Amino acid sequence: MVSFLRWDSWLPWNCVFFTGLYLLGYWVVFARRWPRGAVDRFKEASCCMSIVHGTSTSMAAAIYMLNLFYTDKQQMSWSPTPSSHNSSTMKFSLASRLGDANTRFEEAIMEYSTAYFLVDLVHYLLFVPNQPLFVLHHVFTSSYMLSCRFYTGHGAFSTMIFFVVGESTSFLQNVWTISLLTHSAKLFNLLNVPFLIIFSIFPGVLTPWATWQLCLYFLFSREASAVRVMGISGSLYWVSTHWAKLMSKKKSEIMRASASKTQLQTNIPKKHA
């Protein structure tokens, strides 16, 4: 039986934690910038949650995986069999890790992350319902982690991989979003191109590569890959629209500059011989 209120589950308390962060952002951090009830104020409150969630989960998952890599390397160095040092074994024992049952640390990280996605999903449904891309992303991601945590008891290691490659851009993305919402032109222009490049690399290259590796392990299981493919497709569509906006803006600036230069040359009086 699936139960989200098991005695060892911190999911409800994590939901309370992220709700508190959301209220802190709305009533304290951005209270003076926007009037009560403004949509952008709700969006910035969501950014407060996302900064904390993305930064903490990516760092925790990275440290956890580096520790596992070091442990595996130490075990291989003590192995008496020469075959233990071949290329397939040196790949961080990825296949064996993916097939293992969830560890308590992995389950704790999944509950922590699931709580964020659930609270942020409520935010989108209540205050920003015109963002179906984010709603679907949150639904698929939280469903995947809930099934790994409370139903199958396996698959948590795959979420650790995606926390590293998927949440590493969270801090930069949220600062970029806040600069956009607050109309901080100087900060936005400083971050826009670097952010789009980095975001294109992580969801556009690293995340699909990680998904492909998982698909190879699960023998192209539809259940294993469908959620991540949907999430990646949404991220690629999102970043491609912003690249299009940036290119359109640059094109407009060039055309305006060219028109101004032509008009200036036209208005210069010609010297008579």
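Sequential numbering from 1, following the chain as shown.
Placed from the backbone N, Cα and C atoms, the Cβ positions cover glycine too.
Looking at the stretches 31-50, 51-70, the one that TrEMBL records under the feature transmembrane segment is 51-70. Looking at 107-126, 187-206, the range tied to transmembrane segment in TrEMBL is 187-206.
Regional average pLDDT for the domain 'TLC' (40-251) in the model is 76.
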